[in-house]
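Structure, as structure tokens:
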Amino acid sequence: MSTAFVDQDKQMANRLNLSPLERSKIEKQYGGATTLAFISNKQNELAQILSRADILKIASYDCAAHALQAVLDCGPMLGKRGFSQSDIVKIAGNIGGAQALQAVLDLESMLGKRGFSRDDIAKMAGNIGGAQTLQAVLDLESAFRERGFSQADIVKIAGNNGGAQALYSVLDVEPTLGKRGFSRADIVKIAGNTGGAQALHTVLDLEPALGKRGFSRIDIVKIAANNGGAQALHAVLDLGPTLRECGFSQATIAKIAGNIGGAQALQMVLDLGPALGKRGFSQATIAKIAGNIGGAQALQTVLDLEPALCERGFSQATIAKMAGNNGGAQALQTVLDLEPALRKRDFRQADIIKIAGNDGGAQALQAVIEHGPTLRQHGFNLADIVKMAGNIGGAQALQAVLDLKPVLDEHGFSQPDIVKMAGNIGGAQALQAVLSLGPALRERGFSQPDIVKIAGNTGGAQALQAVLDLELTLVEHGFSQPDIVRITGNRGGAQALQAVLALELTLRERGFSQPDIVKIAGNSGGAQALQAVLDLELTFRERGFSQADIVKIAGNDGGTQALHAVLDLERMLGERGFSRADIVNVAGNNGGAQALKAVLEHEATLNERGFSRADIVKIAGNGGGAQALKAVLEHEATLDERGFSRADIVRIAGNGGGAQALKAVLEHGPTLNERGFNLTDIVEMAANSGGAQALKAVLEHGPTLRQRGLSLIDIVEIASNGGAQALKAVLKYGPVLMQAGRSNEEIVHVAARRGGAGRIRKMVAPLLERQ
């Protein structure tokens, strides 16, 4: 093609306002000049069915002119068959996209008859070699079914670059791998990635050598089951001995290697480990940074940017937190780029770290900059924005809030509801699911607070769907709607519901009641806890634990780990004089496993400082008990200097959130003293669940409450019983109540009780209705 013709085509293609970088990217592909010419000649036709971004995506591959022509030829027919525009772009936007579109047209009917959905077909066709993959699925599906593979297995294997080769490889090597102990699930996991065929053959070749080096079958599957798994296995064999000499454990090597780009990450640990070590990064920190997608780049970026980040006030621990996720390199660079702008908008360093310290942290920071002002105009405060952005998928969550808030408002969801649902992993999907599934759930009798509780956790969208799917069956089994909400309103709620259905009969046969099952299942990780109870119950009984003990231990966040920790540590704790009741008391809370380990670790030092065994059990036997024990060790000397007795310290630390309460006493004690509160008052307010928040609320709202005629004693009474929420409720509704003739004495009497905030709201509700 002549230079003049190419130049002319560049000019014509530029009608799409292609930037120099975009034109260059297209031109570098095989047939790029032809693609530019095609775009310029057919831009009106293309624009009728594709967005600018779609055209660029398809054009960024070899021979893209053919793919774009195929979109024009096949797109309308595929649209009539139910394929979306994003499906068509996904199929066309790869090497061989034209052939893939034609293959979908030709084979979709036959694949549909075999039970493959439109989504399945788009997933398999939308990769390099998609046409060959669809044909291979048709040819090999019967053989796969005969060997016990499900349709989902076939789609997972086929739905990657080189899917056809992966399907053939599975049939070739599955018998041999099966003889070596690899399960069908292992084989699907290894094969179901780009380069799956090579990974399977590499497992076959290297497994004996890896086994001799001490790597388990689980390790091998973890390493092999990623894009580039074959290279990662070779790198483990080549670099493992040197890494072991450097002090890295086998488990650490497997963790670093077991991600996309694992081979490069291992090499980078060897190359940069010494330099990072000199800068003060520990081996554990290096492993944490390296053990993610893009770990090699993250290590290099830490080395490059650490000095500049430290100058900005970021500690090494915070740098590691931001770098130690998928996309950590981009997150660090984005922090450096955007931190000044974020600080100008009143985001604190802690906020920036929370947003950046997740998979996709870079995108989340950019979304905060982009959408923050609009969200503020909609009434969301900085804390709301940080809560929504500070999770995996935070960028998508912020975008979803902007897009869906008007409709959610129409459906009666409040701003706190939206923040609660959006502020988790998968928050964007949860908001979408609330809109799509909410009406059906309301028809079934679930209230708006129920829907928010179910949706407001990691996996909220799946939990809502599971409630719709399983509720009728669960009700037939005798579970009430409040039971269902309690089970699903946690991380992994969908799995917990399924586990209840699957395991309830066996658990009932073992003597567990329905309330027991709900208590165990109704926490984060409830599905695993139910299974662990089934697996470990006999061992617990043999050791003298009652059924009530098992339920108490299992019925919390992390119940599975707590059950295992009790079995592992009970003997040592018994040798140190802790009774079975003590062990159950410590283990039977959120984070019980960590609390048991902390008791073993810190008991000797605490004894030296005069704390009794009963003190230790009281401190450890609450949610966050491990942190509370550590906080006692850290702060006891300073608290002692300030006049707090050992009994005071135990009393403050021995509640949910005890660690935070001790820290709050240290932080706020002097100011509270200046405002007239004595040591006894401070202990009284701090020594409850949520004591830290109560002290902070007294500091913030105490002066205003004093101006309204409340005494110090009144404030202490409210804070010590109703806590921070009760103080805030008195602040908000006190004037309305006093206008209605209620005295301060009456208000304090109502607020200074457990649930005081709710009582105040109930008291004021009729008055607000009249206004």
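Using N, Cα and C of the backbone, Cβ positions are placed for all residues, glycine too.
Under the heading repeat 'Cryptic repeat -1', Swiss-Prot lists 18-49, citing an author's statement as support. Annotated repeat 'Core repeat 1' per Swiss-Prot: 83-115, in sequence order, evidence recorded as an author's statement. According to Swiss-Prot, the feature region 'BuD domain' maps to 83-709, an assignment based on an author's statement. Here Swiss-Prot flags 149-181 as repeat 'Core repeat 3', drawing on an author's statement. Per Swiss-Prot, the feature repeat 'ANK 1' maps to 216-245. Per Swiss-Prot, repeat 'Core repeat 6' is recorded for 248-280. Annotated repeat 'Core repeat 7' per Swiss-Prot: 281-313, in sequence order. Residues or ranges marked as repeat 'Core repeat 9' in Swiss-Prot (evidence: an author's statement): 347-379. Per Swiss-Prot, repeat 'Core repeat 11' is recorded for 413-445. If you look up Swiss-Prot, you'll see 446-478 marked as repeat 'Core repeat 12', on the strength of an author's statement. The repeat 'Core repeat 15' annotation in Swiss-Prot covers 545-577 and rests on an author's statement. Per Swiss-Prot, the feature repeat 'Core repeat 16' maps to 578-610. Marked as repeat 'Core repeat 17' by Swiss-Prot: 611-643.
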The repeat 'Core repeat 12' (446-478), counted residue by residue under DSSP: helix, strand, coil: 25 helix, 0 strand, 8 coil
Spatial neighbours of the repeat 'Core repeat 3' (149-181) far in sequence, C-beta under 8 Å, 6+ residues away: 94, 115-116, 120, 123-124, 126-130, 132-133, 135-137, 140-141, 143, 187-188, 191-197, 200-201, 203-204, 207, 217
Close approaches to the repeat 'Core repeat 16' (578-610) from elsewhere in its chain (Cβ under 8 angstroms; 6 or more beyond its ends): 523, 544-545, 549, 552-553, 555-559, 561-562, 564-566, 569-570, 572, 616-617, 620-626, 629-630, 632-633, 636, 646, 656
For the repeat 'Core repeat 7' (281-313), residues assigned helix / strand / coil by DSSP: 25 helix, 0 strand, 8 coil
